[in-house]
Amino acid sequence: MQVDIQKNIKLSSFSTLKIGGRAKFFVVVKNEDEFLAALTWARKKSKKIFILGGGSNTLFSDSDFDGLVIKNEIRGTELVSENENSVIIKSYSGETWSKLVNFAISRKYYGAENLFYIPGTVGASPVQNIGAYGVELKDIFYNLCAIDLENGEKKHFNLKDCQFSYRHSFFKGEGKNRYFILWVAIKLSKKEKFNLDYGDIRNKLLAKGIEKPSLEDVSSVIQEMRNDKIPNPAVLANAGSFFKNPIVDSTFFEKIKSEFPDIKSFPDLKGVKIPAAWLIEKCGLKGYRYKNVGVYEKQALILVNYGNAKQEDLLFLVEFIRKSVFDSFAIILEPEVNILK
Ligand SMILES: Cc1cc2nc3c(=O)[nH]c(=O)nc-3n(C[C@H](O)[C@H](O)[C@H](O)COP(=O)(O)OP(=O)(O)OC[C@H]3O[C@@H](n4cnc5c(N)ncnc54)[C@H](O)[C@@H]3O)c2cc1C
């Protein structure tokens with residue numbers, strides 16, 4: 001099989017941060033055979049590979065990518081099995097995440113609605129164990145199938161194999177750049193089951209006079225809440241939360257709390273989770289601007305590109321924020337976004 005390998009393609013157009021040089025080689029794949037043909041091409045020519053979904057969690061380098069970028073457009077969603085209580089749905093990895101969630105909502109399957117409206121593809125969802133409003137992919141994950149980039153062989157991963165943790169997985173750690181995730185299956189409930197206790201979901205529903213919400217009610221409240229605080233990348237380029245919320249041990253947390261009694265926090269299995277946005281805001285950096293990049297004025301966890309920014313500028317801002325937070329709180333912020341250098 002032949003694939004259409006393009007040359008010198010501008011990567012900024014394929015990232016929601018709108019930053020990046022060119023890909024020396026670039027290909028769009030729409031099915032598994034095209035992916036395998038692209039993989040064979042890259043291996044024959046000893047080119048490195050970067051798998052690209054929707055580019056909503058990727059910061060490309062200003063320099064050209066000296067390899068093959070494979071843009072994944074392998075789509076399709078299907079019901080795999082069902083019983084009285086639950087269903088298993090499988091989506092190919094180039095499908096948009098929102099399409100999978102819409103598929104579930106329209107058929108009255110419960111569990112994915114809090115993850116509604118997260119940009120990007122199904123294939124990237126396990127990479128950082130996407131999460132929002134108290135739910136993470138791991139809570140509904142069933143299994144996935146990935147292709148080993150070294151030998152083209154398929155391998156199935158169950159929940160344990162994926163080693164999911166907060167915005168992390170095997171595919172962001174040990175297995176980074178080693179696998180192409182081909183499809184992902186999730187398990188949802190056929191019985192009504194909501195997670196409304198996180199943040200303001202319940203209050204927002206009550207404010208609309210909704211006591212017994214439907215899946216559509218919950219997803220539309222989630223969409224409204226997201227639109228209120230996250231800028232639309234088509235209007236103001238960004239990659240959602242740029243940093244992870246740091247998790248510290250409880251003794252350390254109590255020490256900070258004695259100095260900053262208004263500090264926000266969430267309980268976490270590994271200790272106490274502190275909102276990175278609160279730390280950045282406390283450093284006086286909400287709305288801060290450096291050249292053409294800045295800290296979003298409504299949400300300090302989001303870094304934005306006001307236009308024609310360079311990775312160099314954004315990384316300068318990132319280091320400035322990390323240093324400010326470290327100097328004030330002795331906490332090291334870790335980026336959530338995948339940074340290609
Ligand atoms: C406005 C906005 C809001 C956001 N809100 C949230 C949120 O609420 N919660 C959250 O968790 N995230 C959020 N994000 C981040 C982002 O949407 C998710 O991380 C999403 O899963 C990224 O999908 P993508 O296809 O765009 O990934 P890309 O940016 O294309 O890729 C991300 C990483 O995954 C790898 N990858 C992609 N596809 C595959 C594959 N098939 N196989 C193997 N590796 C692959 C890439 O190589 C890269 O390392 C937000 C981003 C934006 C812009």
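Positions of Cβ are set from backbone N, Cα and C atoms, glycine also.
Caution: TrEMBL annotation is automatic and unverified by curators.
Annotated in TrEMBL:
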type: DOMAIN; residues: 18-191; note: domain 'FAD-binding PCMH-type'
type: ACT_SITE; residues: ARG167; note: active site
type: ACT_SITE; residues: SER241; note: active site, proton donor
type: ACT_SITE; residues: GLU336; note: active site
Distance from SER241 (active site, proton donor) back to ARG167 (active site), taken between C-alpha atoms, in Å: 11
Integer Å distance between the CA atoms belonging to GLU336 (active site) and the residue listed as 'active site, proton donor': 7
Across the domain 'FAD-binding PCMH-type' (18-191), average pLDDT on the 0 to 100 scale: 98
